[in-house]
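Feature annotations, courtesy of TrEMBL:
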| type | residues | note |
| --- | --- | --- |
| BINDING | 20, 27, 156 | xanthine binding site |
| DOMAIN | 37-157 | domain 'Phosphoribosyltransferase' |
| BINDING | 128, 129, 130, 131, 132 | 5-phospho-alpha-D-ribose 1-diphosphate binding site |
Ligand code: 5GP
C-alpha cells in the first residue's frame, strides 16, 4: 500500500533497530482517512475468505480493525489485555508477552462473542514476533472457531512473526513490510506478501 509506505517514511520514528514509532497517525493520534483506506485494502483482500467477525487486540489494532469491520459489514471484537488472571467459566484467556512493553498479559475473550461457527479475521497494527496474533488464534480455536486470515498494517519482516504464523498454515497479509530499521533507516521488502494468493 503505497500511501501507507509514504506515510511511514514521512512520519515514522525509528527508536532502535527493532522498534518503529508511528504515534502521529496510528498509535496515538489516528489518521482516520488513512485507516479507512487500510480498511478498503483488507476488505478487498479478505472478502473471498468470508469472515463472520473481525477480531483485534486492544488498543492499537482498534482503528484499522474498526474501519475494516465497517466496510465489510461485520462485528468487531476487541481482545482485552488483562493484567491479572480472571477465574470465570464465561471467558477464554491465554498469556501473551508484549514486545514493546516487555510484560505479560492475559489476553481475554468473553464466550458471548464467539461461536464454533465463526470464521475470524484477525487485524492488528504491527507484526513482530507473532505473540499477539498467536494468542488471538489460541482463543479463537479454544472456541472451536476458524481463523480465516490475519491482516497486519505494518510487518517487521526481519522478526519471526510471519514465519511462525505461516509455518502453522495461517494466511498473513501485510500492507507494509519492513525489511530493516538498521542505522535509523526504514527499508521496505521489495517482494509481495509471500502467502498472498
Ligand atoms: P508481536 O506480538 O507480533 O510480537 O508484536 C506485535 C504487537 O506489539 C503489536 O500489537 C504492537 O502493538 C506491538 N509492536 C510490536 N512491534 C512494534 C513496533 O515496532 N512499534 C509499535 N508501535 N508497536 C509494536
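One-based numbering along the chain as shown.
Just so you know, glycine gets a Cβ as well, placed from its N, Cα and C.
Quick caveat, the model's predicted, so the values are computed rather than measured.
Per-residue confidence over the domain 'Phosphoribosyltransferase' (37-157) averages 96 (mean pLDDT, predicted model). Apart from 20, 27, 156, the residues listed for xanthine, the same chain places the Cβ atoms of 12, 19, 21, 22, 125, 126, 154, 178 within 8 Å of the centroid of those Cβ atoms. For the 5-phospho-alpha-D-ribose 1-diphosphate site, the Cβ centre of 128, 129, 130, 131, 132 serves as reference, and the other residues of the chain with Cβ at most 8 Å from it are 96, 97, 99, 127, 133, 134, 159, 161, 164. The full span of the recorded xanthine binding residues, 20, 27, 156, taken as their largest Cα to Cα distance, is 16 Å. Fewest other C-beta atoms within 10 Å: among the binding-site residues 20, 128, 132, that description fits 20. Of all Cβ atoms in the protein chains displayed, 25 besides its own lie within 10 Å of the Cβ of residue 130 (5-phospho-alpha-D-ribose 1-diphosphate binding site).
Of all the binding-site residues listed here (128, 129, 130, 131), 128 has the Cα closest to the Cα of residue 156 (xanthine binding site).
Residues in the domain 'Phosphoribosyltransferase' (37-157) partition by DSSP class (helix H, G, I; strand E, B; coil) as 39 helix, 46 strand, 36 coil. Taken residue by residue with DSSP, residue 27 (xanthine binding site) is part of a helix. Of all Cβ atoms in the protein chains displayed, 24 besides its own lie within 10 Å of the Cβ of residue 156 (xanthine binding site). Around residue 27 (xanthine binding site), taking its Cβ as the centre, 16 other Cβ atoms fall within 10 Å, counting all chains.
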